[in-house]
Protein chains: 2
Amino acid sequence: MVEALKIGLLGLGTVGTATAEILQSPERRNPVLNDITIAKVGVSNLEKPRQVQFPEGVLTTDLEGIVNDPNIDVIIELIGGLEPARSLILQAIAKGKHIVTANKAVISRYGEEIYHAAEQAGVYVFIEAAVGGGIPVIRPLQQALSVNRIQSILGIINGTTNFILTKMGAEGSDFAEVLTEAQELGYAEADPSADVDGYDAADKITILATLAFEEQVNLEDVSCEGIRQVSAVDIKYAKQLGFEIKLLAIAQRDETGLQVRVHPTLVPKDHPLASIDGVNNAILVEGDPLGQVMFYGPGAGGGATASAVVSDLMNIAAMVKTTASVNPLMKIPQHPAGQLVPIQELVTRFYARIICVDRPGVIGNLGTCFGKHNVSLESIVQIDFNHGIAEVVVVTHNVKEENFRKALAEIPQLEAIDQIQIPSVLRVLRENL
Amino acid sequence: MVEALKIGLLGLGTVGTATAEILQSPERRNPVLNDITIAKVGVSNLEKPRQVQFPEGVLTTDLEGIVNDPNIDVIIELIGGLEPARSLILQAIAKGKHIVTANKAVISRYGEEIYHAAEQAGVYVFIEAAVGGGIPVIRPLQQALSVNRIQSILGIINGTTNFILTKMGAEGSDFAEVLTEAQELGYAEADPSADVDGYDAADKITILATLAFEEQVNLEDVSCEGIRQVSAVDIKYAKQLGFEIKLLAIAQRDETGLQVRVHPTLVPKDHPLASIDGVNNAILVEGDPLGQVMFYGPGAGGGATASAVVSDLMNIAAMVKTTASVNPLMKIPQHPAGQLVPIQELVTRFYARIICVDRPGVIGNLGTCFGKHNVSLESIVQIDFNHGIAEVVVVTHNVKEENFRKALAEIPQLEAIDQIQIPSVLRVLRENL
């Protein structure tokens, strides 16, 4: 009989507790879990009441002690944040321990350093829980999908913003109102910036893009816009035009190179991502010769995320028993840092809502201005009219971002157009995706 | 440098050709593919023109020679059908070769025999391509999802029938008409029975259920109904009631045991499977603590299926290099054969379309008859009325199949109801799923 794999668990919040619960009740689960025991659990407060119980001496506040404990084989890092998480991971690797982490912030910023250290030490770093909660997506990207030439990854990978956008659309409510509601329900943090400004999604698409394309993507090169500027009226008009507005994280390779970005996007209603509602996540991967596959499920929550954490742990347990060296499909490939295509070079479609004084020739003047900058329009519609003020919605065909921005900048100078405002400019999923 | 893994490919149809194409162009794919070479390709006709070219001596009609060739490490079986596929697989295993197969018919019937032989020989049998084409679903079920207690698998796993049902719904056309169209487009075979009678879906759900639950499911115990009896008018009425009709393959465990079945099913429009259209497949897995995850993509086609075949092959290549013994997460677990819960014991909802002479009291009489057999109705609606004939649609709450069938059997004997016909009886996705 092989000796049980000994785990050091750092953090006992929602995910840590759910992880311990799975490991403490292995019946009707994979038998590989029988050979795993929790040796130490690092917490910040020993006195706090806990939903799970451990034998005397397992709980400790000495996290450094855990990562340096020679009896421990695997560290599960669930404390989140940048430090001390990064240092603890690196110390554990240096001591020859395998790592399982759900920490997207650390991996998106220090992934290269951590993978390199793991490579040197001959240990695994598993990160399935860092993206998409319980949805298996990291391992399929590393394994099954990697026989394809990946063309794009499109993800709804932040549940908070998807909940907010879904609710705004269903109720016609505005952003601020729904955010308050989401905070009350526990779907959004007191400081919502990481979610609503797109930073969480940017962390995750950086991780996915680095796995799927052969270059190390730098988080700071990822273009990132959140959903604060999306209004209920934009969602309404988008629906009338046949679109849903989603916060998409996009990594896409074409002849111009690799582009990675996060922004609210108008998605055609018949697109598989258009019907992903509420706190759910979905990741759509397109490759050659595979075509499009999509992974859908709960992108957060203790149980779902713990499912991913424990599946990583189980993989390590199975491999430690059977492998003589590190399985190349189970390690994160390291690539040189790449140069992303800047957002001005992006070719996509746009939606813009324009408000101005209504007078004959407004639509013609706008159309001429776009045409001058090579912006081909799909539609230009006067949607609303009040007290002499017109509201015009423009949807373009594929256009270079730079050209579209130049046309927009020129509109306020048009002679025939008065009191102009452009309250919303949103991207539309480009035509050939 | 490790010696290249040598492949014997049996069959060079659509999937075999696409498999060879991936292996012959490894650039921008996983580098593990660089160490794989195609040593032999078994075909039935050497003279046939081929889209892929091989060096002199690779193509052969001697399939037995390939599975017995001591230079070959892995056999990819893509000839389909039961024999000689089964015998060739068993011979190859006896010679210590690993197996990759897309053959759902062989695996659903002889999986136990084949897995047992592989266990004895210490080789892998990989079957990702047998279910869901290019969608990664077998490996997630074996690995990531297996830390959960799986409660149900619901799949749209036959593209032909999904195409037919989607088209019937969009155009209001009847089954026979759309089938002819599907045959002309190459989406349905000249003999369409395996698809339209549900046998292909039954093969696949047998494989998935055996992986997800700890019992060997016997194909002959799987209850199977196809889509021949689904009419355009049922699809129309279902839509009016808020449902889409899909051919679902269902494996579901509850307190009564495990039930595995294939039948057309009314799916509520807001259910993730309701919007899966055309030839696409989707598999929805529900487990504890994970919740629901769904895998979606092309369920057939040469390129998509070849993606799954090559990913299996790549996993074998990676493990052969690094493992000392068989990774327990990579082998198909063997379990004793289980007893499925018979269909009469099923608890589900029903839809029935009833035609009879219209007279006062018809709906009351029907309602009373259902009530007598403990069938609780959600709705009973007279949808249509022509020349003194009423068309009544009944939708039940959860009910035991046996009780519902008894009530149906009694309806023609009701005194107040004349000239009764019950042209359609369909199951509705049950309430707590």
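In case you wondered, yes, glycine gets a Cβ from its N, Cα and C as well.
The structure displayed is predicted, hence computed values, not measured ones.
According to TrEMBL, the protein carries these features:
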type     : residues                                                               : note
ACT_SITE : B:Lys204                                                               : active site, proton donor
BINDING  : B:Leu10, B:Gly11, B:Leu12, B:Gly13, B:Thr14, B:Val15, B:Gly16, B:Thr17 : NADP(+) binding site
BINDING  : B:Lys104                                                               : NADPH binding site
BINDING  : B:Glu189                                                               : L-homoserine binding site
DOMAIN   : B:351-430                                                              : domain 'ACT'
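Taking the features listed in TrEMBL, we show where each one sits on the structure.
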{"residue": "B:Leu10", "record": "NADP(+) binding site", "Cβ neighbours (10 Å)": "25"}
{"residue": "B:Gly11", "record": "NADP(+) binding site", "Cβ neighbours (10 Å)": "22"}
{"residue": "B:Leu12", "record": "NADP(+) binding site", "Cβ neighbours (10 Å)": "23"}
{"residue": "B:Thr14", "record": "NADP(+) binding site", "Cβ neighbours (10 Å)": "16"}
{"residue": "B:Val15", "record": "NADP(+) binding site", "Cβ neighbours (10 Å)": "25"}
{"residue": "B:Gly16", "record": "NADP(+) binding site", "Cβ neighbours (10 Å)": "26"}
{"residue": "B:Thr17", "record": "NADP(+) binding site", "Cβ neighbours (10 Å)": "19"}
{"residue": "B:Lys104", "record": "NADPH binding site", "Cβ neighbours (10 Å)": "22"}
{"residue": "B:Glu189", "record": "L-homoserine binding site", "Cβ neighbours (10 Å)": "14"}
{"residue": "B:Lys204", "record": "active site, proton donor", "Cβ neighbours (10 Å)": "26"}
Tell me which of the recorded positions B:Lys104, B:Glu189, B:Lys204 ends up closest to B:Gly11 (NADP(+) binding site) in space, Cα to Cα. B:Lys104
Check: same-chain CB within 8 A of NADP(+) site center, minus B:Leu10, B:Gly11, B:Leu12, B:Gly13, B:Thr14, B:Val15, B:Gly16, B:Thr17: B:Leu9, B:Ala18, B:Thr19, B:Leu78, B:Ile79, B:Gly302
Around the Cβ of B:Gly13 (NADP(+) binding site), the count of other Cβ atoms that are within 10 Å: 12
Taking only the CA atoms, the spacing between B:Thr17 (NADP(+) binding site) and the residue listed as 'L-homoserine binding site', expressed in whole angstrom, is 20
Under the DSSP assignment, what numbers of helix, strand and coil residues are found in the domain 'ACT' (B:351-430)? 24 helix, 35 strand, 21 coil
Nearest of the binding-site residues (B:Gly13, B:Gly16, B:Glu189) to the residue listed as 'active site, proton donor', judged by Cα-Cα distance: B:Glu189
Euclidean distance between Cα atoms of B:Lys104 (NADPH binding site) and B:Val15 (NADP(+) binding site), Å: 14
For B:Leu10 (NADP(+) binding site), which DSSP three-state class applies? strand
What Cα-Cα separation, expressed in whole Å, is found between B:Leu12 (NADP(+) binding site) and the residue listed as 'L-homoserine binding site'? 19
